[in-house]
Structure formats: C-alpha cells, structure tokens
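**Student:** Structure in structure tokens, see below.
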Amino acid sequence: MEMDLGYIVNAMIPTWSSVVILFSYFIYLAIAGSLLPGRIVPGVTLADGTRLRYRCNGIVSLLLLVSLLGIGAALKLISPTVIADRGIELLSTTFIFSFIVTLILYAAGSKSRDQGSSLKPHLTGNFIHDWWFGIQLNPHFMGVDLKFFFVRAGMMGWLLINLSVLAKSIENGSLSQSMILYQVFCMCYVLDYFFHEELMTSTWDIIAERLGFMLVFGDLVWIPFTFSIQGWWLLRNKVELTKAAVFTNCFIFLIGYWVFRGANKQKHVFKKNPKAPIWGKPPKVIGGKLLASGYWGVARHCNYLGDLLLALSFSLPCGISSPVPYFYPVYLLILLIWRERRDEVRCAEKYKEVWAEYCKLVPWRILPYVY
C-alpha cells in the first residue's frame, strides 16, 4: 500500500517528457485544425448579430493523427503504450496546464475592451466565480477558437488514452472480451462525435457557457481521464461476460446512441430550418421558438437520457464486481441533473411564458414518467 501510494505521488510530478507530449499534441491539433480540409460551419447567431465560423475537420484530424502514431509505432519511433505508461503523469501535467491557462484567460479577458458578444468580459467582482465560469464567451488565440479547440482535444485525448491502454493490454497478454467491447463502444462514440462535429456548434457549451476553469478542466482533464476509467480498470481486472450480458450491453449502447444522436440532430436541424419535418411530420413549435416534436416532445432534455445510457454501456463490460468502473455514469447522472436544473432556470428567464407553456406540454425533464 505504501509502495503504491509512493509510486502514485512520484508519478504525479510532471516531467519534461509529459510536457513535450502534451504540447506536441496541442501543436498538432492547432495546425491540423487550421490547415486540413473541412466544412466551414456557421455557428448560431449571437446576441450582437454576429456568427462565428467553425472548420469542422475533426474526423480528418483524428484519422491522420492515429495514422501518424501508428506509423511511428511501426517504425519504433514511439511506443504505443506511452500514454498508458505515463497516465498519472500526463493527468497532473494536463491539470496544471488547465489551471495556468484559465488564469491567463481571466487576466487577458479582464483587460479586453471588446463589446462584441464573443469577447465582451463579464465580471462579477468575485474572482473565484469569474475564474471558474469564465468571463468571455469565445476567446481566441492566434486565430484558434479555444473553446472549440479544447473540447476537440479532450474527445481525441479520450480515444488516444483508450488505444494506448488497448496496446498495453495486448502487450501484457490481458486482452479480454470485456476490453474489446468497451473499446468498440468508445471508438464508435468518438468517431461518430467527430463525424457529426458540426452539431457541436449549437450545443449549450458552445453557444452559452463562458470559457473558464469549469469548461477547460472538463474538456482537457475530466473527459479523457475519467471517461477512460473503465479501460484502466479492465487492464488490471479480468471479467467474464455471459452471452446474455454481452447482448444486453450492446442493446443499451444502441438505444443510448439512437436517442442521444437523434435528439441532438433534431435540435440542430430545427435551429437551421424551423420548418424541417420531424419524424416525417411538420414540427410542433411553442411560441415560434421551442421545438416540441420528436424527442423534444418526449422530454425536455431527452438527449441527456441517451448520454446516460451510453455512459452505462461503457461501464457494463466491467461487470458488477466493483463500483469503480461506474464512477463515470454516476458522475454524469449528477452532472446532467445539475446542468438540467441550470438550463431550466435560464430557459425560464429567456423564454418566460413560452417556456411555461412548453413545460405544461412536455412535463418530463429527462426520463418520461420517472423524472
């Protein structure tokens, strides 16, 4: 126990190698994101009437990066297990980077005199609050939209960690059916995310949340390092699944994906074209603003239900012998209920009687007849 604790403490001390790995990753993403071909997608119209433009080339950037890393591993230039071998070290390095960069964002944002929606500073006078939630909506650095950049880095980082853990399990001979199942689910999810990356431009994080420690830490640290807990756990623990368990796990993943992707796509399409059919019928719209058809006529935050089912499907390959692999779905449940509550307050303030009418028509928040 003392040896394990001592190892963890020592491993948490950043080294120059971990700094080089992290910054090489960021530099690649910045260059690839700016130069590789991709669809230019206009964001939602902000309060001042402006619209940001996003180059959605995440799938190309990801596939190229994985290919380059695969070639590097084949040529013995890099180790495919380098992330798995330096996991805790990279975690602490990324955490420190998140802390420092958000202090810089706060300092730079405080000095901004820009009155546009993207860069106008929103200061409350409470440093902790402003640093945590951020003071600018869409800060940029050298032409890079940092909010879009960080969420892309986190999602790709999650897949890279998983692939390194997979390589480690092959190297030490512990590859199991459970590990393969977990890896396939996560890989499908991440690839799908980047294939539909333009849908991200209309999410609440992008259009409404300011960029502070909460988002930066969530994107760079929380997403890649906690979403991959199941893989780390399976690396040290062997789980035998029955055929029924495998079938159930696959079913939950597919239902979760169907609801999550379907709900988000309906919302995105509605924002671009309010008259587009939903499930083959003209959409029902409350007050000319709120979609009450399709998934959004079932529950006010139906996409959260899909997200929760997906999170559960990532943990089920680990069996039920330990609560550790279920940290992610439990955490996500708490987070999404908290976020849903915040969304409800904001929507009530923004839409007023229209929101009240929508709530009467669609009484369920996330899960019909339960919550």
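Cβ coordinates are placed from backbone N, Cα and C, and glycine is handled just like the others.
Keep in mind that TrEMBL annotations are predicted by a computer and have not been checked by a curator.
Quick paste from TrEMBL:
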- 59-78: transmembrane segment (TRANSMEM)
- 90-109: transmembrane segment (TRANSMEM)
- 149-167: transmembrane segment (TRANSMEM)
- 179-196: transmembrane segment (TRANSMEM)
- 211-234: transmembrane segment (TRANSMEM)
- 241-260: transmembrane segment (TRANSMEM)
- 314-338: transmembrane segment (TRANSMEM)
**Student:** Under 8 Å between C-beta atoms and at least six residues away from its ends: which parts of the chain pack against the transmembrane segment (179-196)?
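**Tutor:** Result: 58-59, 62, 155-156, 158-159, 162-163, 166, 169, 227-228, 230-231, 234-235, 241, 246, 249-250, 253, 257, 261, 264-265, 310, 313-314, 317-318.
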**Student:** Quick test of the contact rule: Cβ under 8 Å, at least six residues beyond the ends. What residues does that give for the transmembrane segment (211-234)?
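**Tutor:** For the transmembrane segment (211-234), the nonlocal Cβ contacts are 87, 91, 94-95, 97-99, 101-102, 105-106, 130-139, 146-147, 150-151, 153-155, 157-158, 160-162, 165-166, 169, 176, 178-179, 182-183, 186, 205, 314-315, 317-318, 322, 324-325, 327-328, 331.
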**Student:** Can you tell me which parts of the same chain pack against the transmembrane segment (314-338), counting only residues 6+ beyond its ends and a CB-CB cutoff under 8 A?
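**Tutor:** That would be 177-179, 181-182, 185-186, 189, 226-227, 229-230, 233-234, 237, 239-241, 245, 248-249, 252, 301, 304, 307-308, 366.
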